[in-house]
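A quick write-up on the structure given underneath.
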């Protein structure tokens, strides 16, 4: 399994993080100052070079005044992926 940072969903998540920051009228420097982190941290997160943990995510969502659901607006692509996710969530093995 590929690391999540390289998935299509994570790329969409990155774009939504940047969009939320821009919607809030904030620069990377503004965000870094508010969170007391280096600007390079924000840049690396938006570029996909660094993962964020749930607390860092929560702080960004609050700063950007966005509900957490805003950042998970991606749809599953392809019927195979949908079936795989459904099987995984039901605890059943998928049939070949």
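Using the three backbone atoms N, Cα and C, a Cβ is placed for every residue, glycine included.
From a predicted model like this one, the values you see are computed outputs, not experimental measurements.
If you check TrEMBL, you get these features:
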type	residues	note
COMPBIAS	80-96	compositional bias 'Basic residues'
DOMAIN	17-71	domain 'HTH cro/C1-type'
REGION	77-96	region 'Disordered'
Tally of residues which DSSP labels helix, strand or coil - the domain 'HTH cro/C1-type' (17-71): 39 helix, 0 strand, 16 coil
Summarise the model's confidence over the domain 'HTH cro/C1-type' (17-71) as a mean pLDDT value. 97
